[in-house]
Amino acid sequence: MGQSQDNTQLTTASPQAEKDLSSNDNPPESEPAAPKKGARFWLVFIAIALTTFLAALDTSIISTALPTITSDLGSNSLYVWIVDSYLLASTATIPIFAQAANIYGRRSLTLIAVCLFTLGSGLCGGAHNTAMMIGGRSVQGVGGGGILTMSEIVVCDMVSVRERGMYAGIIGGVWAIASVIAPIMGGAFAQNVSWRWIFYINLPIAGVVLVALIVFLKLARPPTGTFKEQMSRIDWGGSVLLIASVTAVVLALSWGGSEHPWSSWRTLVPLILGLVGQLAFFAYQGAPWLKEPTMPLRLFGNRTSSTLFVISFVHSMLLFWVCYFLPVYFQAVKEASPARSAVMLFPIATTSAPGGVIAGIFITKTGKYRVWHFVGFALMSISCGLFTLLDDKSSIGRWVGFQLLFGFGTGFVFTSCLPPILASLPDSDVATATGAWTFLRNFGSIWGIAIPAAAFNTRVNSSLDKVSSGTVRDMLVNGGAYEHATKTFIQAFNNTPRLKAEIVQVYMDGLKLVWQVSIAFSVLGFVLAFLVKSLTLRDELNTEYGLEEKDTSKEKSSEEGNAS
């Protein structure tokens, strides 16, 4: 697969370019071996996995219950912010948590993230109006973004670079399973108990996790100065630029094709301002006076890390692309209920998780990761091509088989990206690099909904001349087709089979373009994989923030719980 055979051993002393980092053939004698994994390690890892499960649940658990929530609270057109407020808050705060983890320590930031998520869950569960719900979702989103960031950082601090693929695969599997079962849980709570339990269910689980983290998450923390010195290290300007630019982009992508046409100034102005703001953010990150930027440009200073950041963005975009538009096919073409369509996505969840673990184990055993980029994107490209064949007559075997290919492919790619990113950078950049990786994945998910939505709406608009009813054409134009992609809407035309067939054909036309465009991005990921270099993933663990050893904690480090 074009994999080089260099026996690169990385050092961690300085943020050199990749060429410099990969020049040493022998590991430094002072580099410590990875500690054995005792009961405390596994208790912390399980707690981290549970927090990831909760954060993943709340990205999509309200999707099937949203009509019930909006009806109960009288949200009307504000319903979209019940979803977008969480996504916006979590995405914008990810790099900020990553930088703060280097200043205030991993333990304190992890506990803060879980506490904010729990507080937000309580506010949402007790919400009596839309404003309180949106506020609660925003608080929950900040906590969720912190959980995603800190869980990856803490795991990276506990295991060596070579092992990170396997543990990332497990965390990724937890995420995939939670994302698929979330809509089913949301619908079940809304129909059988109360939609409020969608949020209340987080409280006891988060409480147990919080206790476990307080008791067992004892991490080393190097001295970081006084409170004033710590505050002066925060990149306030970069944080403001990042939050403002991400907010503008999310607003534009939320409005485009639904609230306002894509050609409307109300969509274009915030989109352009947001993209310009992000360029300004990266320009500011390179300012010579900025000692500790939120997202240092050195993270993108070598070919391997910069390429893998782009690959991770594309991969996340494709994952959300498929998971948001297969339900449109299931509900509008195959006439499945929302809960049933969530179940029909199980093939992706049941293969992406084991696929990630398989790739992670292979990477841990051999240190080879490039092959998984090629295999993963090859499977994703093939499956996206096969999705174009789906129609109203497709058998269960077809849509299940196509998803199995995509699921394994996405699992392979997810697990094999972060370890080589960290291998190409010094260990001092673990937190910021992991934060950048998580941010780009979240940001990619936003585009993974917006781009196919634009393609779908464009093709639907051009295909509406096939629909004989002017009333129905008005219902489906300019984003209406996505809104009406439900079993109830389609079956309302059972008494007019010709009109129903015309409507279904419009949906199939729109979805075909969605899958055709996805092929291009899948192939792009495959091509980008050729730019990734083969680096040695070291077995040693060299970090200042790992789990404290009982016999050395008093002499070499101070517990975060006792600091500041």
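Note: Cβ is positioned from N, Cα and C throughout, glycine not excepted.
Bear in mind that the values here come from a model prediction, so they are computed numbers and not experimental data.
Record features (Swiss-Prot):
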type	residues	note
COMPBIAS	1-15	compositional bias 'Polar residues'
CARBOHYD	Asn192	N-linked glycosylation site
CARBOHYD	Asn302	N-linked glycosylation site
CARBOHYD	Asn461	N-linked glycosylation site
REGION	1-35	region 'Disordered'
TRANSMEM	42-62	transmembrane segment
TRANSMEM	78-98	transmembrane segment
TRANSMEM	108-128	transmembrane segment
TRANSMEM	141-161	transmembrane segment
TRANSMEM	197-217	transmembrane segment
TRANSMEM	236-256	transmembrane segment
TRANSMEM	268-288	transmembrane segment
TRANSMEM	308-328	transmembrane segment
TRANSMEM	343-363	transmembrane segment
TRANSMEM	404-424	transmembrane segment
TRANSMEM	436-456	transmembrane segment
TRANSMEM	512-532	transmembrane segment
Tertiary contacts of the transmembrane segment (404-424), defined by C-beta under 8 angstroms and 6+ residue spacing from its ends, are 10, 18, 21-22, 152, 156, 161-162, 164-166, 168-169, 172-173, 176, 302, 304-305, 308-309, 311-312, 315, 318-319, 322, 347-360, 363, 369-370, 372-373, 375-380, 382-384, 386, 430, 433-434, 437, 525, 532-533, 535-538
Interface check, the transmembrane segment (308-328) with the transmembrane segment (108-128), three or more C-beta pairs under 8 A: no
Counting every protein chain shown, other Cβ atoms within 10 Å of the Cβ of Asn192 (N-linked glycosylation site) number 8
Cβ pairs under 8 Å between the transmembrane segment (236-256) and the transmembrane segment (197-217), at least three: no
Same chain only, sequence gap of 6 or more: which residues have a CB within under 8 Å of the CB of Asn461 (N-linked glycosylation site)? Val477, Asn478
Maximum Cβ pairs under 8 Å to the transmembrane segment (436-456) - stretch from the list 78-98, 108-128, 197-217, 512-532: 78-98
Give me the Cα-Cα distance between Asn302 (N-linked glycosylation site) and Asn192 (N-linked glycosylation site), rounded to a whole Å. 53
Indicate whether Asn302 (N-linked glycosylation site) is helix, strand or coil by DSSP. coil
Give the one range among 42-62, 78-98, 108-128, 141-161, 512-532 whose Cβ atoms make the most pairs under 8 Å with those of the transmembrane segment (197-217). 108-128
